[in-house]
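Peer 1: The structure follows.
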Amino acid sequence: MSHEGEEELLDYSDSEEIALPSTTVESGSNGDAKAETTTVKEENTEQKGSYVGIHSTGFRDFLLKPELLRAIVDCGFEHPSEVQQVCIPQSILGTDVLCQAKAGVGKTAVFVLSTLQQLEPVPGECSVVVLCHTRELAYQIMNEYARFSKYLPDVKTAVFYGGSPIQKDIELIQNKETSPHVIVATPGRLHALVRDKHLRLGNVKTFVIDECDKVLDQIDMRRDVQEIFRVTPRQKQVMMFSATLSQEIRPICKKFMSSPLEILVDDEGKLTLHGLQQYYVDVEEKSKNRKLGDLLDNLEFNQVIIFVKSTSRANGLSQVLNANGFPCTAVHSGIPQEERIARYKEFKEFKKRICVSTDVFGRGIDIERINLAINYDLPAEADQYLHRVGRAGRFGTKGLAISFVSTPEDKEVLAKIQERFEVNIAPYPAEGVDPSTYMNS
């Protein structure tokens, strides 16, 4: 990488929010009903396929539909993760579930498999609603439904989000041949469809919110969720999932539920992303580009995601990288929706190996080839660090996370991360890192 002029990137504020701090689950209740809390420690694990398995438990033990088991085999999954072992047996029985588990342990598969297991498709009736906070995550969840419903040809799934023509959504809903049984959506667009009487949700049996803390923390989104929730039947299953749940958000989640099973996988106070190597680099702001180029030149990686703190810095850094022989794409909230989805697909399909992003890509996005995450700008809060570095080393695979530390504020955040998650983040070694420690063989 050439380094003509070590220019600092211009910085303008970005509107994306940071995750709230969170705490571990002690107990829970909903009115007078006592809610059960299950804590799972990650012990006696063994590496199996793409998930970390415990003992010899397999997906067949859940007595899933043969069509689902075939799809699971096609995906190459042998053993369920900890969160799947605890959640799936309860969720397929219709139990309300509030689940907090760290990034990369297969939470999405829990609600996808459990809703497909329970689904008996009726033409023209929506049975499952899944809400999430970004278009990219909605698109990804829809793809997970497509993967696991591969051998369930009668099941129809649709994704609705703002920024695309609403008339296309209306036409899809009104056509009985395409009317979905499973709807994945962002709250604003789904509320608009419900409000204007284009969509009826009187037959919904399962209501899911992924990254529920992010959805319910934002007042506008929470209001949309409440309006959607009101038009669904009183008797239904409600499931919510996230990597972080604060003391403030947890009771809000439980207002939507009836005696939920609360599940906490491992000690949320510890950052135990197995196989993820974590380092930091002391570097002046003006030298970040040079250091980043050195890392990209010298490190082996499949795909890398580079996090910055604003849309303007994402644009600026991607231009610098492309100009210096590192083809990359940028994903952030300032890009029109259709273009964002196109860039996400381009990266997921391995057409680009480098992605520069704001925190819009910091939650829930699952791209299996990512094994390197770089915090060009450290997040302002410790919890967002967990979501960011969780993009690498998912599902028990290896990965590497490197954070640039440039200011006194960065040093404070780094200290908070290490204290918050009881993890030691060491200086990046001068001799580099052995690829075998973060590259899967």
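Counting begins at 1 with the first residue displayed.
Glycine residues also receive a Cβ, built from the backbone N, Cα and C atoms like all the rest.
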Peer 1: Have a look at 57-85, 231-259, 347-375, 376-404 and point to the one annotated motif 'Q motif' in Swiss-Prot.
Peer 2: 57-85
Peer 1: Of 114-117, 122-125, 210-213, which range does Swiss-Prot call motif 'DECD box'?
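Peer 2: From Swiss-Prot, the annotated motif 'DECD box' range turns out to be 210-213.
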Peer 1: For the motif 'Q motif' (57-85), jot down how many residues DSSP puts in helix, in strand and in coil.
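Peer 2: Split into helix, strand and coil, the motif 'Q motif' (57-85) gives 17 helix, 0 strand, 12 coil.
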